[in-house]
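Summarising the annotation, Swiss-Prot assigns active site to THR5 and lists sequence analysis as the type of evidence. Here Swiss-Prot flags GLY161, CYS164, THR167 as Na(+) binding site.
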Amino acid sequence: MFHATTILAYKGKNKSVIGGDGQVSFGNTVLKGNAVKIRKIKDGKVLAGFAGSTADAFNLFDMFEENLEHAKGDLLKAVIEFSKAWRKDKYLRKLEAMMLVLNREKIFLLSGTGDVVEPEDGKIAAIGSGGNFALSAARALDKFADIDEEKLVKESLTIAGEICIYTNTNIKTYVIEDEK
């Protein structure tokens, strides 16, 4: 069984940020400590990250990028079409991966069953083995600290990496800033 990662997405006042740790584990063994499981897509206007089976996630990334192209960059339309395709395809329903996607307007969690979930607060979502730790830390920092969006994501993932054995503190982030 692969236990692979923690991904955190945060849509702040001036920036959207996605971050992930670098650990990939198989059973009780760390296979890799510097994997990159986040991407910039659609000319850097959309951020995406995955947790779960790596091969499955790459297939999902490719499919999602195609949907985003067909939707001309409209993230909401792309996630809805992606979800429809996922639920109709017997092969896709067996994929063991989840994705987070966001731009400056929206943030979505795409589940392994084809569900599309927009976080209740509309700004913070996390997936993966350390996702609940990162989500808790991000909510607390968002509520009580006045820090930069990217720093919030890095600190939250670091906290998750200190608690979850399937998450490390080799953090990578991507940022989309408001156009000036």
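Glycine is treated like the rest: Cβ placed from N, Cα and C.
Excluding GLY161, CYS164, THR167 themselves, the residues of that chain whose CB lies within 8 A of the CB mean position for the Na(+) site are, in sequence, THR6, ASP21, GLN23, SER129, GLY130, PHE133, ALA134, LEU157, ALA160, GLU162, ILE163, ILE165, TYR166, ASN168, THR169.
In the structure as shown, the Cβ atom of the residue listed as 'active site' sits within 10 Å of 32 other Cβ atoms. Looking at THR167 (Na(+) binding site) and the residue listed as 'active site', their Cα atoms lie 5 Å from each other. With all protein chains in the displayed structure included, the most crowded Cβ environment within 10 Å among the binding-site residues CYS164, THR167 is that of THR167. It is 9 Å from the Cα atom of CYS164 (Na(+) binding site) to that of the residue listed as 'active site'. Taking Cβ-Cβ distances under 8 Å and a sequence separation of 6 or more, the neighbours of GLY161 (Na(+) binding site) in its chain are THR6, ASP21, GLY130, THR167, ASN168, THR169, ILE171.
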